[in-house]
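To start, the structure under review is shown below, and the notes come after it.
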Amino acid sequence: MRRPMVAGNWKMHGTRASVAELINGLRHLALPSGVDVAVFPPCLYINQVIDGLKGKSIQVGAQNSAVESMQGALTGEIAPSQLVDAGCSLVLVGHSERRLIMGERDATLNRKFAAAQACGLKPVLCVGETLEQREAGKTLEVVGRQLGSIIEELGVGAFANAVIAYEPVWAIGTGLTATPQQAQDVHAAIRAQLAAENSEVARGVRLLYGGSVKAANAVELFGMPDIDGGLIGGASLNADEFGAICRAAGN
């Protein structure tokens, strides 16, 4: 049975003071024992968060990492090995904001995915379609291509030590949310694509939904058979709301 997971992506939010306040809120949460919980703070605050959450069962990850696994001459980048040294266990790869705003392409993301795994970081691969692509009926084509790029380059076995997050771009920060059935349909297609290559990997990989998840809709979303938790954006900046989402995953 797949263990549920709830991950909070803080994006480019926070100051030392507000992060300290959020850490304090997280420390006081009663989290369900059967759920893996993680947060992805801005890189400047990773050490603060790791230190502040010591003794709490919350993993800390990075929002981005370099295409090379080891430190070297890549100005402005952070190597996966450095993130491991700092205490991170996870890293986001291919978030839609990286794909669409920063122009990251599948070939670059394949390298980031591989470099992370080479250092012992577990990548959380983000896939998803824009509103235009959904309205054109291309959702499964787009998601399948994003997923297939990793499979073709690294093999389906790479997902034995990874997480996949489906995040429809049109539902991120807009207040819009895919219906539970819409999300389930895409998650089922992702699992089927993996199963066509390796059924064991497909059964074991956790698929998270990301896109305006809140405590109010989490129970219904997480009740779908192929949705194993959530990648939470804005709601993760409120400790009480985030805790309620974690408890929904535990149910």
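Just so it is clear, glycine is given a Cβ too, placed from its N, Cα and C backbone atoms.
Summary of the site annotation: Swiss-Prot records substrate binding at Asn9, Trp10, Lys11, Gly173, Gly233, Gly234. Screening the candidates Ser33, Ser212 against this entry identifies Ser212 as the one listed for that site. Within its own chain, Ser212 (substrate binding site) has Ala171, Ile172, Gly173, Thr174, Gly175, Leu176, Thr177, Gly233, Gly234 as residues 6 or more apart in sequence whose C-beta sits under 8 angstroms from its own. In the shown protein chains, 22 other C-beta atoms lie within 10 A of the C-beta of Gly233 (substrate binding site).
Using a 10 Å radius centred on the Cβ of Glu167 (active site, proton acceptor) and all shown protein chains, the other Cβ atoms total 26.
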